[in-house]
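Following: one structure in structure tokens, then a few remarks.
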Amino acid sequence: MEFFKYIFYGIIQGLTEFIPISSTAHLKIISLLFGMDDPGSSVSAIIQIGSVFAIFWYFRKSISNYKNTNSRKPSYSFLFNKLNKSIFIGTIPIVFIGVIIKLFVPGFSDSFLRSNLSIALVSILMSLIMLFADISTKKSINLNNHKYPNNLYIGIAQAFAIVPGVSRSGATISMALLSGWNRKDAAKFSFLLGIPSISLAAFVEFFSAVNQFSTFPFLPLFAGLITAFFSSLLAINFLIKYVSSHGLKIFVYYRLIFGILILFNL
């Protein structure tokens with residue numbers, strides 16, 4: 001039973017990490033619906049490593065050999081090309097906020113912000129923000145012509161995803177659209193921006209839970225990580241294709257209904 005529970009966690013994590021509906025909220029709420037314990041931030045973060053591997057695999061060519069088409073000199077440097085500089089800039093806000101929370105708000109993971117009421121209210125608020133972003137985009141900015149300040153704004157939006165229910169992909173795609181990005185590249189950059197942020201979260205939680213290692217079911221946890229990898233690949237492929245042609249409205253409606261249902265069942 002324990003084995004299948006973590007496979008279930010992996011499926012939910014992988015699908016909802018990239019579909020803009022909040023993986024943390026769905027892991028918590030769906031687990032409760034099926035009579036299972038909230039996996040908690042440590043387990044969630046470790047399973048998220050599978051999602052990081054999925055991003056690396058899906059975008060492996062973009063990460064290692066990205067070229068700025070506006071330049072006559074193609075960039076072959078992994079560390080210093082424009083895309084990776086953009087990811088670095090976009091990661092700064094969540095690192096800054098994460099360090100502050102870790103040092104000065106030790107009870108954050110058990111605070112009101114992880115409660116069902118907070119998740120419901122945040123989900124409803126995010127549905128409205130996503131709707132406004134979807135109808136406001138100018139579609140003029142892409143991965144080749146974006147400016148570094150855009151990356152910082154998107155990174156600030158990502159930092160808000162520390163709050164359960166926000167959705168990292170929902171916040172970053174919305175901010176990218178509000179900044180004038182086209183939908184397809186907004187989704188791509190959102191996923192690439194997740195590599196350092198998700199990795200850092202997993203790293204911090206992994207070492208924070210070092211004293212609990214003896215109680216961790218490693219084989220089921222590994223199964224959840226592998227499941228998250230494959231379900232993440234499906235979610236990434238689906239969302240890029242879907243958002244490019246249909247936008248975010250279906251997720252807006254889903255998040256609105258999701259939040260209202262939680263409110264009525266508190």
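Every residue gets a Cβ built from N, Cα and C, even glycine.
Annotation source Swiss-Prot lists transmembrane segment at 1-21 (among others), citing sequence analysis. Sequence-distant neighbours of the transmembrane segment (1-21) (same chain, 6+ residues past either end, Cβ-Cβ under 8 Å): 27, 30-31, 34, 36, 39, 43-44, 47-48, 50-51, 54, 123, 130, 167-170, 173-174, 191, 194, 198, 217, 219-221, 223-236, 238-239, 248, 251, 254-255, 258.
Here the transmembrane segment (39-59) has long-range neighbours at 6, 9-10, 13-14, 17-18, 23-24, 27-28, 31, 109, 188, 191-192, 194-195, 198-199, 201-202, 204-206, 208-209, 212, 221, 224-230, 232-233, 236-237, meaning same-chain residues at least 6 beyond its ends whose C-beta is under 8 angstroms from one of its own. Taken from Swiss-Prot, the feature transmembrane segment covers 39-59 (among others), and the record attributes it to sequence analysis.
If you look up Swiss-Prot, you'll see 87-107 (among others) marked as transmembrane segment.
Here Swiss-Prot flags 117-137 (among others) as transmembrane segment, drawing on sequence analysis.
Annotated transmembrane segment per Swiss-Prot: 153-173 (among others), in sequence order.
Beyond the transmembrane segment (189-209), the same-chain residues lying 6 or more positions past its ends with a Cβ under 8 Å from any Cβ of the stretch are 17-18, 41-42, 44-46, 48-49, 51-52, 55-56, 58-59, 62-63, 83, 86-88, 90-91, 94-95, 98, 102, 143, 146, 154-155, 158, 168-169, 172-173, 176, 181, 216, 236, 240. What Swiss-Prot lists as transmembrane segment is 189-209 (among others), and the listing cites sequence analysis.
Residues or ranges marked as transmembrane segment in Swiss-Prot: 216-236 (among others).
Residues 19-22, 25, 29, 116-117, 119-124, 126-128, 130-131, 133-134, 165, 167, 170, 173-174, 177, 183 of the same chain sit 6 or more residues outside the transmembrane segment (246-266) yet have a Cβ under 8 Å from a Cβ within it. Residues or ranges marked as transmembrane segment by Swiss-Prot: 246-266 (among others).
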Response to the item:
Note: vs the transmembrane segment (87-107), the recorded stretch with the largest number of Cβ pairs under 8 Å from 117-137, 153-173, 216-236 is 153-173
Discussion item. Which residues of the chain, 6 or more past the ends of the transmembrane segment (153-173), have a CB below 8 A from one of its CBs?
Written reply: 17-25, 28, 89-94, 96-98, 101, 108, 113-114, 118-123, 126, 130, 133, 179, 183, 186-187, 189-191, 193-194, 197-198, 239, 243, 248, 251, 255, 259
